[in-house]
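Visitor: This is the structure I want to talk about, given as structure tokens.
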Amino acid sequence: MTAKDTLEAAITAQGDVVRKLKSAATKDKPKINEEVQKLLALKEQLKQLTVDNDGSGETAAAAAAPAPGKPAATSEPGNRNLSLKTPKGTRDYGPEAMALRQRVLDQVVRVFRRHGAETIDTPVFELKEVLTGKYGEDSKLIYDLKDQGGEILALRYDLTVPFARYVGMGNVFNIKRYHIAKVYRRDNPQITRGRYREFYQCDFDIAGTYDPMLPDAECVKVVCEILAEVGVGDFVVKLNHRKLLDGIFEACGVPADKFRTACSSVDKLDKTPWEEVQREMVEEKGLSEEAVERIGQFVTLHGGTELIERLAADETLRGIKVAMEGLEDMRLLLQYCEIFQVADRVSFDLSLARGLDYYTGVIYEAVLLGGGGGAGGGGSADEEITVGSVAGGGRYDNLVGMFNPKRKQVPCVGVSIGVERLFSILEARAGGKTRTNETEVYVASAHKGLHLKRLEILNKLWSAGLKAEHSYKLNPKLLAQLQHCEEYQIPYAVILGDGELSRGVVKLREIATRKEEEVALDTFIEELRRRLLSAA
């Protein structure tokens, strides 16, 4: 069987899998998307094989070789058979999508600045050794770059490790920073759920030695403000503490060298039933069944201050110092959340683990509630979370020291907003046409021969700081110009005509109402600015 036959058979089999999933009574959309991606990948492989082989066993290069004694054919620029698509896990964004994205990013930045943050930027790629050993089992998702001259590099996986490198390398001892940039993960993409291989992260971090839980509580407040302002629906911020988790593992009989691997298993509880996590911990991680049974009694608990008091009284935890330290931090954090008026948005949840290795204290994860109920929405606190995580973070006090020449530690805490998920939700909800420009006035001409005057008026508007445009045709039809204003939702048009100009006036047209009014040529800019201000 040739390679082509093998691929065609695989495509047929994968097509059957997709059809079976789509025809099922209960549709598993994430699974369907995953299998569709596999089918598309197989079809792409077949296309590439067809490009490389003309079907007669000759390679494209051999087929293109000239016959003896004949001149070589002139090669055409580009490849006619190139399959044009974006790489797996990426997408293009048109003007409407970009307008929505920019609006969300502006809202996020306003919140960050409201809290006094300043911004930085770091390279999109880092030395591979900077990134390795920081992400636990997720390290396999890092994109490695080909050696281009002696440095082994990789694309950044998140913004936290580059920030820690920046703080440690620059001897920065306190900073409150935000950073909005793209990161890269060789993950299994789910486009419909806003899960890509190239995506934006919006990070807010506070670095410095401060009193317990004050910066941590502000991070929770920042997340709540952003999700409320963006308006994606009801949400809850789950909270836990790495010290408490470590104390629980110790109390349950987990060896200290297996705390992190146990943590990575517990971290899957938001997507995987406890039975499967339990099996993984025993069969793959090598934990005893007794220890795992005892872990299960803790990680299914969630609540508030009452849960803290219950755990503080637990005989198995009371003698474990790190567990008591974690509970004391959580008690203080919930008190500060009450003062910040976000207590109804948070839940102390022992199933939250955050799989990344660098967390040392409080950890957070914000999730959207699928049914609109839950925390803060008047629904049941036990309502199933069906939409997914949109923010996460925590305290990482030991990461900066890895990059400081003198190994000096700078305590840090931060949170990352998963804006791609927010974009996907808002994009799906968007109804009607989204305005994609900020033009305030359009300079139109009523008849031929006025393009020079249009340019003169246009230049005056630009010089006055107004956002203006015109037609790039010398003699456009007036109807076409006004239709352009309506299509692109430009609020005003200045219409020039010989008769009006001879009297020293122009027509100012309000596009939405189609009302027109003559305004003196030497004062129309002030009048236009007044109307724009009153509309704002």
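Numbering starts at 1 and runs along the chain as displayed.
Note that Cβ sites are derived from N, Cα and C of the backbone, with glycine treated the same way.
Worth saying up front: this structure is predicted, and the values here are computed from it rather than measured.
Found this in TrEMBL, in case it helps:
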- 3-60: domain 'WHEP-TRS' (DOMAIN)
- 57-93: region 'Disordered' (REGION)
- 60-73: compositional bias 'Low complexity' (COMPBIAS)
- 89-426: domain 'Aminoacyl-transfer RNA synthetases class-II family profile' (DOMAIN)
- Asp158, Leu159, Thr160, Arg185, Gln201, Asp205, Arg354, Tyr358, Tyr359: L-histidine binding site (BINDING)
Visitor: Within 10 Å of each Cβ, count the other Cβ atoms, then let me know which of the binding-site residues Thr160, Gln201 comes out lowest.
Guide: Gln201
Visitor: Tell me the Cβ neighbour count for Tyr359 (L-histidine binding site), meaning other Cβ atoms within 10 Å of its Cβ, over all protein chains shown.
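Guide: Looking across every protein chain shown, the total is 28.
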Visitor: In sequence order, which same-chain residues at least six apart have a C-beta under 8 angstroms from Asp158 (L-histidine binding site)?
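Guide: Looking at Cβ-Cβ distances below 8 Å from Asp158 (L-histidine binding site), excluding near sequence neighbours, one finds Tyr135, Val183, Gln201, Asp203, Ser416.
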Visitor: So what's the mean pLDDT when you look at the domain 'Aminoacyl-transfer RNA synthetases class-II family profile' (89-426)?
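Guide: Mean model confidence (pLDDT) across the domain 'Aminoacyl-transfer RNA synthetases class-II family profile' (89-426) is 89.
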Visitor: Around Arg354 (L-histidine binding site), which residues of its chain at least 6 apart sit with Cβ under 8 Å of its Cβ?
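Guide: Sequence-distant Cβ neighbours: Asn240, Arg242, Cys263, Asp267, Ile363, Glu365, Gly392, Gly394.
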